[in-house]
Each structure stands twice: as C-alpha cells, then as structure tokens.
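The structure appears below as structure tokens.
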Amino acid sequence: MELFYFMVFGALGAVVAALELSKNSKDRINTSSAFNSFKNNYLLVYSLMMAGDWLQGPYVYYLYSTYGFGKGEIGQLFIAGFGSSMLFGTIVGSLADKQGRRRACVTYCITYILSCITKHSPEYKVLMVGRVLGGIATSLLFSAFESWLVAEHNKRGFEQQWLSLTFSKAIFLGNGLVAILSGLFGNLLVDSLSLGPVAPFDAAACFLAIGMAIILSSWTENFGDTSDNKDLLTQFRGAAVAIASDEKIALLGAIQSLFEGSMYTFVFLWTPALSPNDEEIPHGFIFATFMLASMLGSSLASRLMARSSPRVESYMQIVFVISSVSLLLPIFLVAPSKVKGGSISFAGCLQLLGFCTFEACVGIFWPSIMKMRSQYIPEEARSTIMNFFRIPLNIFVCIVLYNVDAFPITVMFGMCSIFLFVASILQRRLMAISDKPKIENWSAMKERDPEAEPLNE
C-alpha cells in the first residue's frame, strides 16, 4: 500500500505541472510591468507570512505533549486560540480599517513572533498567553493582508481582473508550495538535525521578522474609514448594518463560515478517518499530498478566473456540491475492526482520494472567495466585516473541539457534508442576485439604523 501514496502524489504533481505548463493566452491575463512588480512583492511577503504559520502547525500538539500535558489540557489551549481569534482578534482586526492595514500586518508579525517565543516555556499559563496571541495573529493574517492588497491594488489604478491573478498565485504559493516546503523544513529541523520540537517555532519567528522588514521598507499605508468621529462600537455597528442591509454580503459571510467550518473540522478528523483501526499512515506525506491537491485547485481557479465565463458565482455552486459529496465517503467507508495496526486499508485508499478531491475544492475556494469579497464588501469596513465573518466560524470550531469525542466520526462528517450542501444553495442564491447594484449610498442604511454613521464620508 505504500506505493499507493507515491502514485497519488506523483499523479497530482504531474497534473499540476501539466496545468501550469499548458496555459495558453486564454488562460493568462496580460498585465503591466508595474503590476507584476507589485504582485511579486506581495507574493513574497504573503509566502513568508504563511511559512511562519505553516511551520508551527504540525508541531503545536506535539510540543504540548512533550511538556507533559494531556489531551484535555491541550484541547483547552486550542479552544483558547480560537476563542481569542473570535473575541480579541475581531477587535484588533477591525482596528485595521481605522488605524491602517500596513500597521495591522506589522502587528500580525509582532504578535505571532511573541507567540513563538512563549513556546520555549513549559509553563501552562505562558503557553495559554501564546495561544491567545496566536489567535489574534490568525485573525489579522486572514483579514489585514487581503484588505491591504485590495485597497492598494485599487489605489494604484490596476485593472480589477488582475486582482484574481494575485489571489490565485497567493493560494498556489502560500497554501500549497510553501506549506509543502515548510513541512519538509520542519521535519529537517526536528528529526534530521534533532533540534527539538521548539525549532520550527524559532524558524517561523525568523521568517516573520524577514517579512516584517519587507513590509516596513516597501509597503505604503492605506485605510478603510478615516473619519475622526467613529469609535470601535460605531464601527462594529456600521459593519453589522452593512451585512444586514446587503443580502449579497450576508450570503457571502454565511457561505464562508459554512465552508471554513467544515474545512477546519476536516483538519481534526482526517487522521482518525484514514486510520480507524490504528493503521500506520505517513501523516507528513499525506499532508504534503493534500497541499499538492490544493495547488491543483488554485491552478484550476486561476484558469477559471482568467476567463469571463463561467463566473465565480456560477462555478462555485459545483465546487460546493463536489466538496459535499467527497466528505460523505467516510460515512460509508469507516469500519472499525478488531484487528489493529497494519497499513492503510482499501477503504482508506478510497477515502484518501476523496479527501484529495476536497482539498482541490479548498484550493479553488480560497482565491474565488477572495475575488467575491473584493467585489461585494465595501472598502470602508473591509477588515471589520471580514472579521465579523469569522465569529460564527470560531464559535463552531470551539464547539467541535469541545465535543470532538462526544459524536461518532461519521456524524461529524455528515454534518460537514450538509453544511457544504447548504453553502451550494446559498451560492445559487448569490448567483441569482449578483447583478443587483452594490449599495454605495449608505444613507439608506442610516435610515434603518439612525445611530449608525455612514461608511462613506
């Protein structure tokens, strides 16, 4: 069965290479040299930021366990991270609109570096502080950088279609190639060089520091709402009114929460699904295979978004249905046995193919949702609204983490599949109303909520 892993990885790699090398003029977007310079600068920074994130992921649980903490205590640390992202991260992320997106990106670097430093301590309270800092950093990673990019892209007068090129390349590199290289580099530090489980966190801090230096030396500041009379509560109220007043924004938030909630649940469940009877599986190699599948998805997305047809709102309906079906496989194939150990079963092989299909859908999802957010979310409150979208996601993940042992794995996968199917229905609704004019005059919102300040001043 070990040959099966190499066959899947090799097949995915060949398909990705073929897709990238076979692009013709219809699949490419003609851009300017000024844009290419801007895009490459952003991709370099984004890749360094994602390297800082990916290096830590595989070793967080392992590090806590080496410090002697049990499953319950480690679960509390993880819940603290998502809870921090929901509470403090929403506030800090929202400040980016008023205080500056570049400043928020620098804050991400500093916060995550401090989180990495706390990993040197075996003290539970210190590690808890590190998880809180990490949760704040996560909110900034998934809002401040995208907000800065969209605003700067528009400020420099680049064509709107070119934005999709940056999105697809960012996911191809940051969520694909960088993830694979980070996994290999982390393995080199911990296993080959025997530097211990803290080494990847130190390396992550170095990458974050390099990225921060590039931001400080080459990025200009941009803002969302710069009015002086808006406190944070008014800013939150304005974002809430924006979501309530524009069905497209509300649908986009629901779709994002449903998909990302399923995605994060999948992260916790794929290992027990592939080894229900304690089969020996190469976790690192499977993770790299998933990332390669994600690269395949982002490569497909770049082709789709380079063309005027089909529209993002149209093909994402199909993507959500496919992802829903792919997560149904464990319901029918997970079969506990009295025989323990051994290599992956035939059912496990089929599930692995299904999971690679889901990861390819994830690769299509990220640049596509970024493009839709750039179209529908108002610039004045972009970071605030994007962090609002993450509140239900973080609540859901905390609930799943807290009750991960309370439900059978088949129930959890069934729930994710239902969520993804609902996302496809909501996407169909978004497609139907996507041609409605975007709300530009916020006076209509003010009439609905007299206390809310207009977002365009």
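The backbone N, Cα and C atoms fix where each Cβ goes, glycine too.
Keep in mind it's a predicted model, so treat the numbers as computed, not measured.
As written in TrEMBL, here are the features:
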type	residues	note
TRANSMEM	6-22	transmembrane segment
TRANSMEM	43-62	transmembrane segment
TRANSMEM	74-96	transmembrane segment
TRANSMEM	170-189	transmembrane segment
TRANSMEM	201-219	transmembrane segment
TRANSMEM	285-306	transmembrane segment
TRANSMEM	318-337	transmembrane segment
TRANSMEM	343-366	transmembrane segment
TRANSMEM	387-403	transmembrane segment
TRANSMEM	409-426	transmembrane segment
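Outside the transmembrane segment (318-337), and at least 6 residues removed from its termini, the chain residues within Cβ reach (under 8 Å) are 255, 259, 262, 266, 269, 273, 276-277, 347-348, 350-351, 354-355, 357-358, 361-362, 364-365, 368, 409-410, 413-414, 416-418, 420-421, 423-424, 427. Contact between the transmembrane segment (343-366) and the transmembrane segment (285-306) is supported: at least 3 Cβ pairs lie under 8 Å, counting only residues 6 or more apart in sequence.
Same-chain neighbours of the transmembrane segment (74-96): 60-61, 64-65, 103-104, 107, 127-128, 131-140, 143-144, 147, 224, 232, 235-236, 239, 383-384, 386-388, 390-391, 394-395, 397-398, 401-402, 404, counting only residues six or more beyond its ends whose CB sits under 8 Å from a CB of the stretch. Packing against the transmembrane segment (170-189) from elsewhere in the chain are residues 42-43, 46-47, 49-51, 54-55, 58-59, 195, 199-200, 203, 284, 287-288, 291-292, 294-295, 298-299, 301-302, 362-363, 366-367, 370: each is 6 or more residues past its ends and has a CB under 8 Å from a CB in it. Outside the transmembrane segment (387-403) by six or more residues, the chain places 75, 78-79, 82-83, 85-86, 89-90, 93-94, 139, 142-143, 239-240, 243, 252-253, 256-257, 260-261, 264-265, 268, 412 with a CB less than 8 A from a CB of the stretch. With a cut-off of 8 Å between Cβ atoms, the residues of this chain six or more beyond the transmembrane segment (285-306) that come close are 5, 8-9, 12-13, 15-16, 19-20, 23, 26-29, 58, 161, 164-165, 167-169, 171-172, 175-177, 179-180, 183-184, 270, 274, 312, 315, 352, 355-357, 359-368, 371.
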